[in-house]
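Asker: One structure, as structure tokens, below. Some questions next.
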């Protein structure tokens with residue numbers, strides 16, 4: 001078997017599919033870099049002025065799109081295949097940027113934002129499943145971190161381009177991303193696991209591509225086919241899955257499925273309730289309070305660079321340190337950073353001179369962003385895909401992503417009220433408590449999947 005060829009093909013497929021993630025990351029940062037231009041008549045291409053209420057819609061509808069995209073694209077990936085689903089998503093990415101280019105009113109921009117959110121929901125729901133199905137055990141975790149890394153790269157590129165160029169020019173440049181994706185991903189086959197599970201043609205060709213098996217290595221091909229069929233050979237209740245691929249209630253209610261769902265739900269709560277994503281809203285406030293002269297975009301670029309370093313570190317160390325270890329370091333580090341930040345703001349409330357510690361909020365926030373990127377935000381989706389039984393993986397990941405989107409929407413709606421009633425110190429303290437509790441949850445319940453095959457992970461649940 002051609003080890004170097006299989007590695008090259010798997011890396012190529014992961015890099016290609018995550019061009020969609022790069023575009024989503026860029027779209028995620030589009031409003032913050034374009035809002036000044038949109039609000040000024042001399043730089044806006046819109047025929048009507050955007051009000052504060054309209055701005056609120058522009059920033060919030062992306063979450064609604066994410067909720068819809070998690071449902072639609074994960075369902076579509078099962079119906080037409082992972083490959084066809086991604087090609088459709090790549091086409092929609094191009095449509096999204098074209099909508100931004102030619103938008104002349106708020107409604108058209110909101111449609112573009114909903115579409116961008118839907119694509120993001122599709123990324124979170126389908127890419128982890130695709131990577132888990134496509135990769136060998138030795139590469140699964142490393143390639144699984146590419147999605148978070150790609151989103152950080154897209155976010156950084158958008159902030160840099162948005163600083164120098166107008167939003168329409170940036171959108172034209174962004175069209176290069178879906179173009180590159182469609183040109184490269186068209187030649188990549190669907191995953192062997194999907195083709196085998198749904199009795200599609202092309203399983204052997206897919207295995208030859210992703211495992212680097214040449215035409216005369218039939219023995220290696222048969223070994224891979226046998227390995228591929230193992231997870232689907234028999235269900236827990238004894239049914240032959242090769243004859244019955246329909247989902248049954250027992251597939252979701254057996255002990256392993258229940259445990260996997262419980263752990264996955266806890267990981268989703270950790271993703272949202274540690275507050276690492278919500279606290280990003282405080283970037284400009286924290287830098288301003290510390291006396292920094294950086295502009296809001298400048299301070300955002302600094303934090304994005306920190307996140308990029310953290311995510312790249314996860315890519316380097318996830319297979320050495322392990323997923324669980326990185327997640328524990330991540331949540332514990334987030335908790336520590338939040339405690340130190342809350343301490344600083346409580347000092348101000350108690351009229352204690354905090355000027356000698358003006359550096360503390362920036363250091364704390366930077367530490368929180370780094371810790372969240374090195375573990376929690378980089379490997380959460382990997383672990384969820386690994387621990388979920390293969391037959392119900394797509395459905396359960398869909399449920400988890402919908403849950404994550406729903407919690408995100410609720411936090412976004414509750415955030416202004418919490419900020420007003422509790423203040424920044426109260427909110428940070430609340431997140432610190434959640435981070436502490438979720439660190440304990442990960443330590444007690446999340447299994448270490450490093451170095452294990454999917455079959456071994458399922459057997460350990």
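Placement of Cβ uses the backbone N, Cα and C atoms for every residue, glycine included.
In case it's useful when we look at the structure, here is the feature table from TrEMBL:
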| type | residues | note |
| --- | --- | --- |
| TRANSMEM | 12-35 | transmembrane segment |
| DOMAIN | 13-450 | domain 'Major facilitator superfamily (MFS) profile' |
| TRANSMEM | 55-77 | transmembrane segment |
| TRANSMEM | 84-105 | transmembrane segment |
| TRANSMEM | 111-131 | transmembrane segment |
| TRANSMEM | 143-164 | transmembrane segment |
| TRANSMEM | 170-188 | transmembrane segment |
| TRANSMEM | 260-285 | transmembrane segment |
| TRANSMEM | 297-318 | transmembrane segment |
| TRANSMEM | 325-347 | transmembrane segment |
| TRANSMEM | 359-383 | transmembrane segment |
| TRANSMEM | 395-415 | transmembrane segment |
| TRANSMEM | 427-446 | transmembrane segment |
Asker: For the transmembrane segment (325-347) and the transmembrane segment (260-285), does the number of C-beta pairs under 8 Å, pairs 6 or more apart in sequence, reach 3 or more?
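Answerer: Counting Cβ pairs under 8 Å, at least 3, so yes.
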Asker: Looking at the transmembrane segment (395-415) and the transmembrane segment (55-77), are there 3+ C-beta pairs under 8 A, with each pair at least 6 apart in sequence?
Answerer: yes
Asker: Which sequence positions outside the transmembrane segment (359-383), separated from its termini by at least 6 residues, show Cβ-Cβ distances below 8 Å to it?
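Answerer: Residues 124, 127-128, 131-132, 140-141, 144-145, 147-149, 152, 263-264, 267-268, 270-271, 274, 276-277, 279-280, 282-283, 286-287, 289-290, 292, 302-303, 306-311, 313-315, 317-318, 323-324, 326-334, 336-338, 340-341, 343-345, 397, 446, 449.
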Asker: Are there three or more C-beta pairs under 8 angstroms joining the transmembrane segment (143-164) and the transmembrane segment (170-188), sequence spacing 6 or more?
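Answerer: In this chain the transmembrane segment (170-188) contacts the transmembrane segment (143-164) - 3 or more Cβ pairs sit under 8 Å.
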Asker: Who are the long-range neighbours of the transmembrane segment (84-105) in its own chain, taking Cβ under 8 Å and residues 6 or more past its ends?
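Answerer: Distant Cβ neighbours of the transmembrane segment (84-105) are 17, 19-20, 23, 27, 30, 45-48, 73, 76-77, 111-112, 115-116, 118-119, 122, 126, 130, 167-168, 171-172, 174-175, 177-179, 181-182, 185-186, 190.
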Asker: May I ask you to check whether the transmembrane segment (297-318) and the transmembrane segment (260-285) make contact, with contact taken as at least three Cβ pairs under 8 Å and only pairs 6 or more apart in sequence counted?
Answerer: yes
Asker: For the transmembrane segment (143-164) and the transmembrane segment (12-35), decide whether they are in contact, meaning at least 3 CB pairs lie under 8 A, counting pairs 6 or more apart in sequence.
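Answerer: Checked: the transmembrane segment (143-164) vs the transmembrane segment (12-35), in contact.
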Asker: Residue list, the transmembrane segment (427-446) vs rest of chain: Cβ under 8 Å, 6 or more residues beyond ends.
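Answerer: Hits for the transmembrane segment (427-446): 262-263, 266-267, 269-270, 273-275, 278-279, 323-324, 327-328, 331-332, 334-335, 338-339, 341-342, 345, 383, 418-419.
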Asker: Give the nonlocal contacts of the transmembrane segment (55-77) in its own chain as ranges (CB under 8 Å, at least six residues past its ends).
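Answerer: Apart from its flanks, the transmembrane segment (55-77) reaches 27-28, 31, 35, 39, 85, 88-89, 106, 109-110, 113-122, 124-126, 129-130, 394-395, 397-398, 401-402, 404-406, 408-409, 412.
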